[in-house]
Amino acid sequence: MANNQHQVKAKKYLGQHFLKDESVAQKIADTLTLNGYKNVLEIGPGMGVLTKYLLKKDVITYVIEIDTESVEYLQANYLNLAPRIIEKDFLKYDVNTVFNNESFAIIGNFPYNISTQIVFKTLEMRNQIPEFSGMFQKEVAERICSKEGSKVYGILSVLTQAFYDAEYLFTVPPNVFNPPPKVDSGVLRLIRKSNYTLPCNEPLFFKTVKTAFQQRRKTLRNSLKTFNFSDNLKANSIFGKRPEQLSVQQFIELTQLIETEI
Ligand code: SAH
């Protein structure tokens, strides 16, 4: 492809670490299963290293990029993409301006400073997002995919895995980026569960998980005190556990128990 413009200068405050290894870019693009959607939204395309592999697939690729200099680069180098370049902050943008309530997959080599917020926004929009894959700081990717009993199991793990099957795919070293980040990166994929409506009060589930992990060393009897349960409920052995010991299924059961009293 003709390079019609100077390379974008990496800006630290935007979390810009450009991938320079084409084979890694292709491997990330290939994590999409293409099942159940025809639109793909790439967050933070930068100079399009990942985008060019998405454009070869049988999907409609949109990109959302906050950096004007990157947008100008994309407009100059990816002429076919131009109508589907959105120059916005993903966290603030209403994606239904373009998707009109249709389903779409999310992919990206994400800006690490906002990566957990990207996941939370995805969870809020889970009805429209059957698949999500991409690159995070390795620790964050591990946390999202971790199971009960692990030290890094927390709010992000439980809330994500309540609705998605999470799979850690592979690790990427710093030297394939320009500039290299200080840490390893990890690529994961989330595939929405076929039944992603919880058999319990969903807002209460979110509140229970968040409250329990705010004091992760304490038993649930103590960390969930503000819910004011009856002694009868508190006698249930589940309240003797700490949040990191509970599977997603057990958090659902816990929410169902709490529901009986509110
Ligand atoms: N995908 C490219 C760039 C990764 S760096 C590559 O692999 O080389 C992360 C990108 O996210 C940068 O281009 C940065 O400008 C963009 N970005 C940062 N914050 C953003 C936000 N809030 N919304 C959309 N894009 C953002």
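Backbone N, Cα and C atoms are what each Cβ position is placed from, and that goes for glycine too.
Pulled from TrEMBL, these are the features on record:
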- His17, Leu19, Gly44, Glu65, Asp89, Asn109: S-adenosyl-L-methionine binding site (BINDING)
- 24-194: domain 'Ribosomal RNA adenine methylase transferase N-terminal' (DOMAIN)
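Recorded features from TrEMBL, shown on the structure.
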{"residue": "His17", "record": "S-adenosyl-L-methionine binding site", "Cβ contacts under 8 Å, 6 or more apart": "Ala10, Asn109, Tyr112, Phe177, Asn178, Pro179, Pro180, Pro181"}
{"residue": "Leu19", "record": "S-adenosyl-L-methionine binding site", "Cβ contacts under 8 Å, 6 or more apart": "Ala25, Gly46, Val49, Leu50, Asn109, Val176, Phe177"}
{"residue": "Gly44", "record": "S-adenosyl-L-methionine binding site", "Cβ contacts under 8 Å, 6 or more apart": "Gly15, Ile64, Glu65, Ile66, Phe90, Gly108, Asn109, Phe110, Pro111"}
{"residue": "Asp89", "record": "S-adenosyl-L-methionine binding site", "Cβ contacts under 8 Å, 6 or more apart": "Ile66"}
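Within 10 Å of the C-beta of Glu65 (S-adenosyl-L-methionine binding site) there are 25 other C-beta atoms, taking all protein chains into account. When the record's S-adenosyl-L-methionine-binding residues His17, Leu19, Gly44, Glu65, Asp89, Asn109 are compared pairwise by CA position, the greatest distance found is 20 Å.
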